[in-house]
Amino acid sequence: KRHRERLNRELERLAGLLPFPEEVVAGLDKLSVLRLSAGYLRAKSFFSGKARASPRFFPKRLLGQQLHSQTVRKASLHLLIFTDLQALNGFVLVVTSEGLIFYSSHTIQDYLGFHQTDVMHQSVFELIHTEDQQEFRRNLHWALNPPHAPEGELSPEEGKSLSSSAVAYKPDQLPPENSSFLERSFVCRFRCLLDNSSGFLALNLQGRLKFLHGQNKRSEDGSALPPQLALFAISTPLQPPSILQIRTKNMIFRTKHKLDFTPLACDAKGKIVLGYTEAELRMRGTGYQFVHAADMLYCAENHVRMMKTGESGLTVFRLLTKENRWKWVQANARLVYKNGKPEYIIVTQRPLVDEEGGEHLQKRSMHLPFTFATGEALLYQSAYPLPGFPDPFQSKAKTSKSKKASHSHGGCSQTNGVDPGSLLGAVMRQDKQVY
C-alpha cells in the first residue's frame, strides 16, 4: 500500500510537470502520463543536441525542469522554419523510422479532432487508413524501399507493428541530410473525428527525413546506435478549408463528464463558446439539461453506443448557452478507462453555424422508442408520453405513472414520478422560455 501511494504521488508530480493546461492533465490516466513523459524526455534530448550550436534557443527545463508549451512551439519553428503555427493551414508531425509519433503540434486538434496528448508517443499507423499505410512506410525509408514490405494491403498486425519497416543505418550509409533525395511529399488519409462522411481526412505531408539526435538507442548487442532518420513534415488538408471551417476550427473545445454525462470540467475555449464557468456547469445536474429537447433522444442513443463501444461517433446537436441561446456543435465522445474500467467521458466539440446544424438535422434518422428488453426504456423513461412522439405504451402509461408516484425511490420526484436524472426529467427542469 505504501509503495502504491508513493507511486501515485510521483505520477501526480510528473503529471504536474507536463506542458499542458490543468484541465488536460486532469483527464490523463497513469499510462498516458508515463507515455507523454517519455515522449517529452526524448524531445528534450533531441532539442538539447540541436541547441548546442545555439544555446539561447532551448531553455533547459523539461519535466524535472519543465518544458513549457512556448518552448515546444519554438522547437517546431526550429524544426521546420515556419513563423506562425496558428496561421499555418496544417500541423507539424515528426515520425520516427519505426512509425512512432515523436512530436505533433497542438494544431492537430483543429484538423483531426485528436488532442496532442492523444497521439504523441503512439503508433502513427493507428491513425492512417489501412490502404495508405504501405505508402507511409515507403516514405519513412530513406530509399523508399522498406524491408519486409508486403506487396498487397498490410494486415492489421503488420499495420500496427512499429518495427517491420525500421532498420538501423550508419550515417555513412545514407545520403547527406541536406540531399534533395530525402525530401518527401505524399498524400495519406488520417482518421478524423471531425469528419461526418468517411471518418478520414486526406492530408498532404510535405517535409524531409532528418536525423533524430540524442535518442541514445542501442542495438541488440548493447552497442550505441548513431542517430536515425525521422520524417519531419507539415500536414495540410488536400482540400483547402472553406471560410466557415477556418472561422470555426479555432473554437474546438473539450469537456469532461461522468459516465451519466454530468459535466465535470470544461476547457478555456468551451467557457468562451458556452459562457458558463465550470461551477455553473456542474451545479445543473446531468449534462442533458443543456441539450435541446429535440436532440435529447438522439444524443442518448449515441450515449448508449459509446457505453457499449467506447466511442459515440459524430453527434450533431444544440447546446444551451448562458445567454439562453442554442448553439449547434459537432461532437465526438469517448470513454477513458482506468484499471480496465470506464472512469469518465471526454468530449471534443466543434461549434457549427445554424445552417450546418439544420442540414444535419434534416439527415437525422431516429428509431423510437427504446425497448424494454435492453433496459434502455427504464434508463430514459421512454414509456412516459412525450409530446410529438408516438406512444405505443399509452395504455400502460397511467398505471406506470401512478406506481412511480406511490413508490419513492432513488432521486424520483414524488409529485409526478419523474426521475430528475432521466431525459424527461431534464426537459421538465428546463426553462420553457429558452424555446
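Residue 1 is the first one shown; counting continues down the chain.
Placed from the backbone N, Cα and C atoms, the Cβ positions cover glycine too.
What TrEMBL says about this one:
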DOMAIN    1-44  domain 'BHLH'
DOMAIN    85-147  domain 'PAS'
REGION    394-423  region 'Disordered'
COMPBIAS  398-407  compositional bias 'Basic residues'
(message) For a three-state summary based on DSSP, what are the helix, strand and coil counts in the domain 'PAS' (85-147)?
(response) 23 helix, 13 strand, 27 coil
(message) Mean pLDDT across the domain 'BHLH' (1-44), rounded to an integer, is what?
(response) 84
(message) I'd like the per-state residue tally for the domain 'BHLH' (1-44) from DSSP, helix first, then strand, then coil.
(response) 36 helix, 0 strand, 8 coil
